[in-house]
């Protein structure tokens, strides 16, 4: 553990590759390829993903409406009250 920098342990069979930060581009072809690719993937998958979400939304709203309606009193029960 007490080794100094430059005299570190030798590690075998480990290969690491790196690229200088000065040679990298932050967003290469972000606007020319990235955004159109997202749109293409969305268009391809929308018919597979959207129907379950629509069904869940409709069931959720129906359930909330039924719950709110079940909390209300029935006016027919109180017609003869004075």
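From the backbone N, Cα and C atoms, a Cβ is placed for every residue, glycine too.
The following features are taken from Swiss-Prot:
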type     : residues : note
MOD_RES  : 16       : phosphoserine
MOD_RES  : 33       : N6-succinyllysine
MOD_RES  : 33       : N6-acetyllysine
TOPO_DOM : 1-43     : topological domain 'Mitochondrial matrix'
TOPO_DOM : 63-82    : topological domain 'Mitochondrial intermembrane'
TRANSMEM : 44-62    : transmembrane segment
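Reduced to three states, the DSSP call for residue 33 (N6-succinyllysine) is helix. For the residue listed as 'N6-succinyllysine', other Cβ atoms within 10 Å of its Cβ number 10. Break the topological domain 'Mitochondrial intermembrane' (63-82) down by DSSP state and the numbers are 13 helix, 0 strand, 7 coil. Sequence-distant contacts of residue 16 (phosphoserine), defined by Cβ-Cβ distance under 8 angstroms and a gap of at least six in the same chain, do not exist.
Outside the topological domain 'Mitochondrial intermembrane' (63-82), and at least 6 residues removed from its termini, no chain residue falls within Cβ reach (under 8 Å).
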